Each structure stands twice: as C-alpha cells, then as structure tokens.
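Per TrEMBL, the features are:
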type: DOMAIN; residues: 3-307; note: domain 'YjeF C-terminal'
type: BINDING; residues: Gly111, Asn164, Val165, Ala166, Glu167, Phe168, Lys169, Arg170, Asp232; note: (6S)-NADPHX binding site
type: BINDING; residues: 203-207, 222-231; note: ATP binding site
Amino acid sequence: MAVIDKIRQLIPPLSSGYHKGQAGRVCVVGGSDEYTGAPYFSSFSALKLGADMAFVVCQPTAAVAIKSYTPDLMVHPYLRRSDDTDKTSEEIINNVAKLLPRLHVMVIGPGLSRDNMMLECAKGIIAKAKEKDLPLVIDADGLYLIQNHPEIIKGYPNAILTPNVAEFKRLCEEMKINFEDNHKDKMAGLLSQAFDGVTIVQKGQYDLISNGNEVFKVDNEGGLKRCGGQGDILTGLIATFMAWGSAYHNKLWQHDNLISPSEVPMLASYAACTLTRECSRSAFKKFGRSVQTSDMINEIGPSFKKLYER
C-alpha cells in the first residue's frame, strides 16, 4: 500500500488551470514497413492513460498506416531504412533532436525493426536524449540494440528496460550473468546492477522490477491470453507515469514533495505493470479466447480508475 500511495501522489489532479501538454508529452520511436501496430499501441496507450500529447517517429510507409488508425497521434515520418538514400543517419537524428525540448519521455523500440540504418538512428537518438536527461523506456528491437551496444545505456538512471523472457536471457548473456530459473527473483536485480542502476522490468508469469537496490514484484491477476502487443501497451503506460513524475518534480500542482526523482522509474514501472495486468484481466473476462490487444486499450481508463484514481 505504501507503493500505491506514492503512485497516487505522482498522478496530476485534473484542473482547468493547466495548458495543453503539461500532463505529459510522450514520443515513441519505432514503426517500420513490417511493424505499424506496436508504435500505435504504445503511443495510444499513453494517451488513454492520460498523457496530453503523443508523437510517433517512424518510416514514411509506416506513418501512412499509423495516421489511419487514429487522428489523435502526431506522426513524424523521419526514419529511413538502409535501402533509402534520401537522408543520412545524421540528418535523421538531428531532425528528431528538434523534438526533444517538447518531450517529457521517449519510448525506443516498438516496431523499430533490426535494419542497420534504423538501429543506427535509434542509437543516435538515445545519445541526444541522454544529453537532455530525458527519461527513456526501451523495449523490443530497442533491446536488441542494447544487447549489442550496452554501453549506450549503462549507468543512465533515467532508463527503463522492459525485456520478455527471451530478451532478458539475451541481455544476461551479454552482461555475463549466469541466468538461472531457480533464482529468477534475484535476476532482475543482478541485471540492473550490471547496467549500473538502469531499471529492469522483467516480464513473465509475474513481473519483477529492480533498480539494483530493491525489487518490486507484480503478481496481480491478468488475462489468460498472451496476444502480441501487450508489451507495447506496457511501454506507453510506463511513459505516461514517467511523464507525470516529471510534472510532479516541476511542481505542476501543490504537494509535499516527498518523492525523490530516483524513486520515479520504479514507481512508474510498478504502476504500469499492475495496470497492464488489470487491463488484460478485464478484457479477457469480456472476450475470453478471442481477446486482442486492441480490446485491452479500451480497458485502460476503467482499470486506472479502479486501481489508482484519487
């Protein structure tokens, strides 16, 4: 309950005194020829939780599809693949960097693909975001990038990695950690320590969250269908809670200032994991075996109200 009480303190009260964007500006970097659903699920989930604005940086072909899903997202067709020759990686990175002053948090990876040019751009965007001390949530092919270049995120306390079982094992191998199923509850902490304090969200039958010093376990009931895209929803929810953490420390509203910035990644991850599971449970209850990730999005508002609304 102490964790839940702290999370509720991070949530901005609704007020007619705020202006557009103050309650969260999130950007998702991803979206390619093959994958357009993942960046949509991530960015739209951020909005459905309560972020004011969500941007998507993607390939031009993906931009057409993502724009057709909803008019609520601002879609920037900046990314290019290796066989595109109209832009250099430096030009792309600099274009994306112009967005950074407008953002509270970035999500890197949903639908990114493993194309070399796309990965090189993501690497440069991460470096630019770190210069601004911008919170980063990294998933999917963003984790593939980290697996091959762990130095770009190691020691950055404003980063959250959200690996599934296979991704977690590969990260452990890269960081020279002997993965043992019988010591699962200790592994997230060990991996976080190997990354010098980066927050790890180890997804699974139950989720383990660690910053190397403490571990949160999330085991509230979820649905029984493991459809693709649920991890993308999680990244969008983490991003909004992280954005609210920034608003909290920028004193958007009056509060006692009892939560330190270093606590926010753990709290945001815990809140998002519990909420994702509740959305999954609620959607599965309605649709059973036929449930899809798009059904979960409609449960974000009611599930948030049940778990965290003041």
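One-based numbering along the chain as shown.
Just so it is clear, glycine is given a Cβ too, placed from its N, Cα and C backbone atoms.
Cα of Gly111 ((6S)-NADPHX binding site) to Cα of Gly229 (ATP binding site): a span of 10 Å. Set side by side, the binding-site residues Lys169, Lys203, Lys225 differ in how many other CB atoms lie within 10 angstroms of their CB, and the most is found at Lys203. Cβ neighbour density within 10 Å is lowest for Gly229 among the binding-site residues Gly111, Gly223, Gly229, Gly231. Residues Gly111, Asn164, Val165, Ala166, Glu167, Phe168, Lys169, Arg170, Asp232, recorded as binding (6S)-NADPHX, reach a greatest CA to CA spacing of 21 Å. Around Cys227 (ATP binding site), the same-chain residues six or more apart in sequence whose CB sits under 8 Å from its CB are Val291, Gln292, Thr293, listed in sequence order. Long-range Cβ proximity for Asp232 ((6S)-NADPHX binding site), meaning a same-chain Cβ under 8 A and a gap of 6 or more residues, is found for Gly37, Ala38, Pro39, Phe41, Ser42, Ser45, Pro110, Asp139, Ala140, Thr293.
Using Cα positions, the member of the binding-site residues Val165, Glu167, Lys169 nearest to Lys203 (ATP binding site) is identified as Val165. Glu167 ((6S)-NADPHX binding site) is 14 Å away from Asp207 (ATP binding site) when you measure Cα to Cα. Per-residue confidence over the domain 'YjeF C-terminal' (3-307) averages 96 (mean pLDDT, predicted model).
Looking only at the binding-site residues Gly223, Gly229, Gly231, the one with its C-alpha closest to Lys169 ((6S)-NADPHX binding site) is Gly231. Distance from the CA of Val165 ((6S)-NADPHX binding site) to the CA of Gly229 (ATP binding site) is 15 Å. If you take the Cα of Val165 ((6S)-NADPHX binding site) and the Cα of Gln205 (ATP binding site), they are about 10 angstrom apart, rounded to a whole number.
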